[in-house]
Amino acid sequence: MSINLLDFDAKGLTGFCAEIGEKPFRARQLLRWIHRTGEADFDAMSDLAKGLREKLAAAAVIEPPKVISDHTASDGTRKWLLSVGAGNGIETVYIPETSRGTLCISSQVGCALACAFCSTGRQGFNRNLTVAEIIGQLWWANKALTETFTSEAGRERPITNIVMMGMGEPLTNFENVVTSLDLMLDDNAYGLSRRRVTVSTSGIIPAMDRLRERCPVALAVSLHAPNDALRDQLVPINRKYPIRELLGACERYLQSAPRDFITFEYVMLDGVNDSVAQARELVQLVRDIPCKLNLIPFNPFPDSGFRRSSANAVSRFRDVLMEAGLVTTVRKTRGDDIAAACGQLAGKVLDKTRRVPRNIAEAAG
């Protein structure tokens with residue numbers, strides 16, 4: 001069986017080159033061809049000797065997930081549904097802005113954490129994605145977007161930021177996610193800054209500590225509630241890793257973080273977590289931690305049981321936080337007409353936790 005070179009970071013490619021009798025510098029050449037150029041055909045790698053190209057073709061492949069569908073929203077947001085085999089699909093979303101282009105990447109087929117307000121969590125969990133399936137999302141998107149991208153003010157390439165906020169909990173797929181992060185940061189591959197790569201977690205504390213040691217990038221924490229009683233309901237992993245312990249892990253993470261703050265994400269649910277009293281409680285909870293609050297309007301999906309907070313409720317909540325001196329933003333809703341907004345990604349998941357096939361709408365249109 002051929003080896004998929006998308007599964008390897010620089011260290012892995014160096015080891016592979018040694019196994020086929022090649023010197024370490026060949027790994028750097030391969031990294032540049034595969035990731036910087038987006039080349040999947042060994043014959044097109046013109047600075048590699050013919051003999052090496054033949055060895056590569058005999059032993060290896062460059063095989064990202066296959067694109068099932070590609071939809072663009074009215075606001076320019078683009079969503080790909082990618083096949084990862086056995087009837088499963090994952091979703092990747094590109095959000096263009098004037099000064100940056102952000103790619104939202106999935107880390108699992110489904111998610112086992114079952115957050116109450118998240119479409120992905122409702123579909124159950126099938127498996128972790130491989131490195132090739134994680135980095136392959138960036139590979140595909142970079143290739144597709146580069147074909148039509150023109151230099152814009154403030155950026156010279158289509159993808160400037162990565163957020164691991166797609167399907168799945170990244171920190172329960174730790175090794176594959178970290179290897180993918182290494183590729184994102186590698187100057188011979190994508191060359192992104194640690195400050196521009198963000199991992200979002202629901203609060204897997206041991207893995208947060210490991211990430212701080214192994215590959216500290218920007219961190220976002222899905223908080224969504226100002227106390228344990230409510231967070232236990234909305235984010236069930238809180239029963240294992242309660243808020244006070246989570247905040248302690250955040251403080252430890254800041255010792256190595258590329259940014260001097262943690263982002264706390266807070267989805268706004270009408271009548272659930274959006275009162276002024278809850279805003280004040282949230283202030284008391286996080287005021288001693290260098291942080292930014294990101295308020296996220298809830299994005300509806302069928303049978304969610306939740307409603308989006310009104311604009312007035314969001315404004316009142318934000319004002320309480322800002323008056324207390326907390327940096328607070330309200331996330332713009334992007335791509336909701338193609339189900340690409342936060343909390344809507346669901347792909348196509350064969351749930352192995354409940355053994356029930358779930359076919360989710362791929363996209364509108």
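In case you wondered, yes, glycine gets a Cβ from its N, Cα and C as well.
Because the structure is a prediction, the values reported are computed rather than measured.
According to Swiss-Prot, the active site, proton acceptor annotation covers E91. Sequence annotations record features per position, and here Swiss-Prot assigns active site, S-methylcysteine intermediate to C342. Taken from Swiss-Prot, the feature S-adenosyl-L-methionine binding site applies to G168, E169, S200, S222, L223, H224, N299, supported by sequence analysis. The annotation disulfide bond is assigned in Swiss-Prot to C104-C342 on the grounds of sequence analysis. For 97-337, the entry in Swiss-Prot reads domain 'Radical SAM core', with the evidence type sequence analysis.
Locations of recorded Swiss-Prot features on the structure.
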residue	record	CB count, 10 Å
E91	active site, proton acceptor	27
C104	disulfide bond	27
G168	S-adenosyl-L-methionine binding site	30
E169	S-adenosyl-L-methionine binding site	26
S200	S-adenosyl-L-methionine binding site	21
S222	S-adenosyl-L-methionine binding site	25
L223	S-adenosyl-L-methionine binding site	29
H224	S-adenosyl-L-methionine binding site	25
N299	S-adenosyl-L-methionine binding site	23
Span of G168, E169, S200, S222, L223, H224, N299 around S-adenosyl-L-methionine - largest C-alpha separation, Å: 19
Candidates C104, E169, L223, H224, N299 (recorded positions) - the one closest to the residue listed as 'active site, proton acceptor' by CA: C104
C-alpha spacing of C104 (disulfide bond) relative to N299 (S-adenosyl-L-methionine binding site), in angstrom: 16
Integer Cα-Cα distance in angstrom, H224 (S-adenosyl-L-methionine binding site) to C104 (disulfide bond): 20
Mean of the pLDDT scores, which run from 0 to 100, over the domain 'Radical SAM core' (97-337): 94
DSSP-derived structure type at S200 (S-adenosyl-L-methionine binding site), helix or strand or else coil: strand
